[in-house]
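According to Swiss-Prot, the protein carries these features:
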type    : residues    : note
BINDING : 11, 14, 125 : Zn(2+) binding site
């Protein structure tokens with residue numbers, strides 16, 4: 001069993017989309033999970049399907065949504081790092097890595113889940129993935145936690161190969177949907193479409209709710 005898992009993503013809802021089922025499987029097994037969330041996603045364009053947020057209220061709404069999503073996934077240790085949404089690419093990578101390294105030293109994880117650098121599509125995703133790698137690279141090789149990274153670029157398999165970690169989350173997909181639903185301001189319309197596709201047994205949607213895949217980060 002894993003000693004401790006550290007999840008590091010820049011935005012509320014990244015964790016639910018990318019690893020919500022995997023996280024729930026871990027917490028159901030009694031594995032301690034810490035989530036370091038970089039921002040409150042305050043620059044997101046979605047304000048709810050039937051608009052209920054504005055630029056002033058969205059940070060507070062998304063903070064509450066994040067806490068509710070963590071509850072659905074069984075996460076009891078949530079760290080909000082306080083960076084500003086859509087600016088992580090402009091932060092000094094060592095400064096961000098310092099924040100992450102401090103948490104690594106505190107919780108001593110055996111595994112870290114984050115975005116694969118340059119395969120996160122969004123600049124914040126790539127910046128946070130780079131910062132995680134920088135933080136872990138400072139550790140002696142024999143002490144480094146394994147990094148299971150999420151890759152969402154279209155050419156990911158051509159560049160990285162097939163994912164070497166594929167988790168069957170079918171027994172907890174309802175918790176993944178609950179976590180996604182907690183991020184209502186961002187996901188309400190998407191989930192209505194998802195539930196319709198589930199009802200119609202859409203193959204791609206059913207696969208998405210059954211499997212989560214990761215690439216073990218390869219050190220140079």
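Heads up, the Cβ atoms here are built off N, Cα and C, so glycines get one too.
Structure coloured by features recorded in Swiss-Prot.
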| residue | record | Cβ within 10 Å |
| --- | --- | --- |
| 11 | Zn(2+) binding site | 26 |
| 14 | Zn(2+) binding site | 27 |
| 125 | Zn(2+) binding site | 27 |
| note | Given the Zn(2+) site 11, 14, 125, its other Cβ neighbours within 8 Å of the Cβ centroid, in chain order, are 9, 10, 13, 18, 38, 115, 120, 122, 124, 128
